[in-house]
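Annotated in TrEMBL:
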| type | residues | note |
| --- | --- | --- |
| ACT_SITE | D192 | active site, charge relay system |
| ACT_SITE | H251 | active site, charge relay system |
| ACT_SITE | S407 | active site, charge relay system |
| DOMAIN | 56-134 | domain 'Fervidolysin-like N-terminal prodomain' |
| DOMAIN | 185-450 | domain 'Peptidase S8/S53' |
| DOMAIN | 492-565 | domain 'Peptidase C-terminal archaeal/bacterial' |
Amino acid sequence: MGKYFRRFSLIGLVWMLMFPLTVQGEKREKGQATVLQQQPIQKDQYPYPLAGKVTSHKTIPRKDDYVKDEIIIKFRNDTLQSSISNLSKNLGLRFTKKYKSFGGILVKIPHNKSVEEVLAVLEKSGFVEYAVPNYIRQKTAVSDPYFSQLWGLKNTGQTIQDYPGVSGFDINAETAWTKTKGSHSVVVAVIDSGIDINHPDLKENIWRNPGEGTVADGIDNDGNGYIDDLNGWDFYSNNRTVFDDPFIDEHATHVAGTIAASANDRGVIGIAPNVKIMPLKFMGANSGTDAGAIEAIEYAKAKGVKIFNLSWGGYGNSPALYDAIKNTNGLFIVAAGNDGNNNDGAYRTVPASFDLPNIISVAAMDNSGYLTDFSNYGIKTIDVAAPGLAILSTVPRNRYAHFDGTSMAAPHVAGTAALVLSANPKYSVSQIKNTILKSGIPVPGLDKWVGTGRMISAGRAVHYTADDELPGVPLSGSQITGALNNVNDMDDVYSVKLQKGERISLSLTGATGTDFDLFLFDRSAKTVLYENGKVLARSQKSGTSSESIVFRAPSAGTYYIDVYGKKGKGSYTLKNQLGDPSAFYENTSAGIVYSGSWSKVTNSNASGGTYHSVNASGGAMQFVFNGTGIRLTGLKNPTQGYAKISVDGVSTLINLNSSANEFNSTLFEKTGLTPGRHTLRVEWTGKSGSTASKTAKAINVDAITVFGSSTTYTVEDNHSTIKKTGTWSTSKNNSYSGGAASFSSKAGSTMELSFTGNSVKLFASKAANRGLFEVYIDGKLDKTVNTHAPNTQYKSVVYEKAGLTSDAHKIRIVVKGQKAAASTGTAVYLDGFTISAPKQTVVQENRMQLGGSWSTVTNSKHSGGKALSASTSGRTAQLTFTGRSIKLLGYKGTSGGLADVYIDGKLAKTVSSYSDTPVYKAVLFEKNDLTAGNHVIKVVVKGKKVSASKGITVFFDALLVD
């Protein structure tokens, strides 16, 4: 929007209320909150206007005056005392004050010398680190009369000089007060003019020096060099009276009221009405010097003060003032200045522009969401904004007045800092500052004027935790528990780094009676308080906290998850999965990201009918997955070279060259990974795969299989899926698994188990009379096992095979009828098997045992590019699998027929392959309530159809085993 123009009459007048004011109607109903909290259903609209900046005048700041006979000097550490003495004697310098915080001194110069000429000599001497004038600092208040309401603490939309406010645009003090109104142990040093310490709204919250008595006795009881400093000190007049004149000292009195006016049912209330104010006067009618300010800082530092309010500034740079602030373990809240000036430019007000970690510089906002015309600004030098127009507070002689200025904005922040410290007494200065800056309310457009683009929020600051706002806390682990309420903890934010194309799955559940929502914000988001077009995915079901999001990153970077407490109070659980889960993925899958000059090649022999190929520098593929293993399949032929294939940065060179075309080849497989997120990367190397051809350098990607987390199943020796031949008997003993074992001494007796998984263990009984047997895996002899042992052992693992492909396998045991040398017999006692299977195993149609004639149908849309079909009644397809559930995938179309599906010999369902429109990889059958272990699925073609179908053909192309 265009800049917003508003003209104020800055005539230097103050509307003085000549009687104590009792503010009426200032309390909200219990639980009421700001507009953002009263209307949280959508995050797509900011409830206030975009922040404008008034430009009705631009004052060119003058360089501040300085004391004509004073200089602040810091000598170099290596300067000899004799050199300092000689230099001082030659210039006629008189030392008047030493500053312990940074080692500087204040000196008087002779009347016959100017500050400029003394500075020139000092700089030329080479003995000084710096020498600067003792600058005079100006108060930063603009006094203008406005009507009486504390809109900064609670904005009800009240009108000010025909300009209506915006309800809810305030610092949300009442929400802060639900947790704390401040602690008496927290002290805020107001370094300013004097404070009327007997004002009825201030007197209970004026700091008392515990090292002095209750009355002035003319003795420096605490030994700090200041006699009878009962409530602070007047560094301007160098005496104990911190209040002298009702007009001169109205500025600091006003500041003090905004910070800590008492909650006493009269007048006004401060932001932190229970904290203490330390009056440190260094200003007279309009100004004070750096020397006085530095001395005041050192006084408060010695008393352990952690929060300082500096509602003043000027344009003369002062390394001495800089050092005094830098060397103090306290947070300095500093007014930005009232010249309507860009503080990032040539004219910089100090101390607001000091680049120090313990300063918060504050601009002024009006009651309708705009930066005031008088406020200085600068995205590099000004941190936040706060209410600074028509601020009602205490002034001397039991009165109240409205002032304007960044001087009035700063104490809103100082009061908020006092609340934060009260709620978190162990917080460091940096923690207090970070809390205030992070918890502020972002105002759209304000980021053009102040660094954070935020106006402070006491309500959010007091309740703030790192997960309340961007950047949040890193997403850690696959499951997070937390708690929200829709009054003062509405957002929990988590950051997550995603690669391009990476998938993230989020699932939220919440306590009964809550309505929590789920949002995923873009990398460029500035806040989660409203959307601003930055929400990339959301789940907002009404009346429930059961929400879910599946999102794929369009580019690499940090994204933000926001669990949002729309309604209610309670706990929640957020589950997440990074990367594509266990499944079969074609080369065109969204999660596979190619870089370089890859081409998609169409070939009916490839999985899905296509594969990707590259033969140029820079060619790479990346795929982020979630599982325990991965398989890469592709083409081997005479044109292929070496590919660099890595998982999580650990790489190997794989030769893809072959003398003939070999489609659907396993190019690379890695199992046994820690369950969770991993990254597969394939890179072109330019290295030929053939000694006969230097140009055989291409690489390709056809498909990827992700293996899931393994689950272990036990299959007993007498299970129905185990096939036995020869002579076997049963031995019963409670020491066996399942209470029994199968034994045989007959040579050639066999036991065979079909299973789906990637590892198998065989356990048996060992004893002195045990013999030998052979183990075959998928038809190949793998090992001869000896079961002899001197003493009887039960449930011994006698054979183990890991690292199998996640697919259908067979293990076959053949009794040799032989004994080991030390054995007294040939018997083999087999007790059972343990199968480890991925969370999901994809079994293609060609792994099934077929009965009768089936046809193979090739189509890129089938899983693996192929499917089986049959229309003759009685045709069967069978698979023994290991798991708890199974899905049968197939094709549905207008000619689809019927089939019966049996599980473990029992009819489970009659399924139809009919659909009025083609559907590939359709779930024809699903069974999710099986007992863990081995099962048999059998499909029997019926040779029948539903009435709407044109045919009786049954198609299936894969099974998913969990």
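Numbering starts at 1 and runs along the chain as it is shown here.
Every residue gets a Cβ built from N, Cα and C, even glycine.
It is 10 Å from the Cα atom of D192 (active site, charge relay system) to that of S407 (active site, charge relay system). Under the three-state DSSP scheme, D192 (active site, charge relay system) falls in the strand class. For H251 (active site, charge relay system), the Cβ neighbour count at a 10 Å cut-off comes to 28, with all displayed protein chains included.
S407 (active site, charge relay system) sits 8 Å from H251 (active site, charge relay system), counting Cα to Cα. Mapped onto DSSP helix, strand and coil, the domain 'Fervidolysin-like N-terminal prodomain' (56-134) counts 22 helix, 28 strand, 29 coil.
Here the Cβ of S407 (active site, charge relay system) has 33 other Cβ atoms within 10 Å, regardless of which shown protein chain they belong to. For the domain 'Peptidase C-terminal archaeal/bacterial' (492-565), residue counts in helix, strand and coil come to 0 helix, 42 strand, 32 coil, using DSSP. Mean model confidence of the domain 'Peptidase S8/S53' (185-450) amounts to 95 (pLDDT, 0 to 100 scale).
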